[in-house]
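For D126, the entry in Swiss-Prot reads active site, proton donor. According to Swiss-Prot, the active site, proton acceptor annotation covers E127, Y161. The NAD(+) binding site annotation in Swiss-Prot covers 15-16, 37-40, 62-63, 82-86, T101, 161-165, N191. The feature substrate binding site is assigned by Swiss-Prot to S86, N88, T125, N190, 200-205, 216-218, R225, N260, 283-287.
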Amino acid sequence: MTEYKNIIVTGGAGFIGSNFVHYVYNNHPDVHVTVLDKLTYAGNRANLEEILGDRVELVVGDIADSELVDKLAAKADAIVHYAAESHNDNSLKDPSPFIYTNFVGTYILLEAARKYDIRFHHVSTDEVYGDLPLREDLPGHGEGPGEKFTAETKYNPSSPYSSTKAASDLIVKAWVRSFGVKATISNCSNNYGPYQHIEKFIPRQITNILSGIKPKLYGEGKNVRDWIHTNDHSTGVWAILTKGRIGETYLIGADGEKNNKEVLELILEKMSQPKNAYDHVTDRAGHDLRYAIDSTKLREELGWKPQFTNFEEGLEDTIKWYTEHEDWWKAEKEAVEANYAKTQKILN
């Protein structure tokens with residue numbers, strides 16, 4: 001196992017990145033973390049407020065700023081790259097920030113890792129693989145060969161967001177082969193937990209209910225996502241960073257397949273609302289049907305396994321967090337719903 005003393009976490013003030021920083025802070029006291037975050041709408045200094053100090057430093061800046069990245073990389077022994085524009089709906093309206101941050105930003109970071117010969121881990125998404133048929137339409141009912149994503153699945157991105165993440169994955173692979181950069185890649189399924197921006201599916205529904213707004217469901221809600229608690233994602237990334245083989249791709253998943261309708265109705269039930277108290281709205285353009293991850297490689301090779309496997313308990317904890325942290329999300333709620341209203345038409 002490789003040990004690190006000084007790591008850079010890009011996007012470490014965002015949802016998944018800040019949870020990773022909290023994980024490192026709480027479990028690896030000898031590691032100093034420099035968070036590099038542009039603090040766009042999806043980043044929040046408050047996500048790190050309680051741990052900023054001698055062991056966690058926040059640098060506000062752009063991952064595509066080569067001079068800043070060079071300065072930070074010169075003092076680091078690893079870069080863990082979370083920073084990304086990640087909201088599919090936004091990528092359909094304006095793809096340009098996704099190309100700039102997800103592709104150009106990754107290139108700048110790779111060049112710094114190459115220059116200083118430091119470890120690089122690239123955090124990516126299962127959306128680079130496109131989507132899968134529903135379990136009921138497959139001969140193996142979702143468990144047969146090719147019925148879940150693996151590291152060998154061909155890339156088939158279907159949105160501007162996922163295409164820029166696929167492109168960034170590919171340049172990481174190229175920099176490993178062409179320049180010997182010590183890099184790994186992880187592709188993860190849908191995360192949930194604290195600090196997630198309220199434009200995302202689960203926190204949007206929770207905060208709608210808390211705000212007296214009817215939740216919204218794309219289409220019929222048949223689209224399936226493979227949910228994983230963000231804390232399990234953090235331990236998976238740490239396992240890859242410290243034990244993963246250079247040049248390899250590992251998929252992080254917790255066997256949490258549920259369709260959107262099922263998740264929304266569970267949220268309503270947990271919040272003491274009628275299970276049908278939501279509106280169907282027009283579906284997202286090119287909406288991927290099903291995601292499902294086979295994480296066998298990560299589990300068998302690196303000994304990782306998820307701990308937060310009870311989705312209902314994890315969802316209850318998440319609902320409790322948003323209920324108790326209204327000051328964290330309330331100011332943005334009106335603007336988020338106004339943005340959705342521009343493209344979503346109520347069907348029922």
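Cβ coordinates come from backbone N, Cα and C, glycine included.
The Cα of N190 (substrate binding site) lies closest to that of E127, out of the recorded positions K38, D62, S86, E127, K165. When the Cα atoms are compared, D283 (substrate binding site) and E127 (active site, proton acceptor) turn out to be 18 Å apart. Considering only the recorded positions F15, A83, D126, E127, Y161, I202 (substrate binding site) has F15 as its nearest partner by CA-CA distance.
Listed in sequence order, the binding-site residues from D62, S86, S162, Q205 having a Cα within 10 Å of the Cα of D126 (active site, proton donor) are S162. When the recorded positions K38, A83, Y161, S162, K165, G286 are screened for a Cα within 10 A of the Cα of E127 (active site, proton acceptor), the ones that qualify are Y161, S162, K165. The Cβ of S86 (NAD(+) binding site) lies under 8 Å from the Cβ of A42, T125, Y161, each of which sits 6+ residues away along the same chain. Taking Cβ-Cβ distances under 8 Å and a sequence separation of 6 or more, the neighbours of K165 (NAD(+) binding site) in its chain are A84, N102, S124, T125, E127, V128, P157.
Least packed by the Cβ count within 10 Å, out of the recorded positions D62, D126, E127, D283, is D283.
When the C-alpha distances from Q205 (substrate binding site) to the binding-site residues F15, K38, D62, A83, S162 are tabulated, the minimum falls on F15. The sparsest Cβ neighbourhood within 10 Å, among the listed recorded positions (Y161, Y218), is found at Y218.
G286 (substrate binding site) sits 29 Å from K38 (NAD(+) binding site), counting Cα to Cα.
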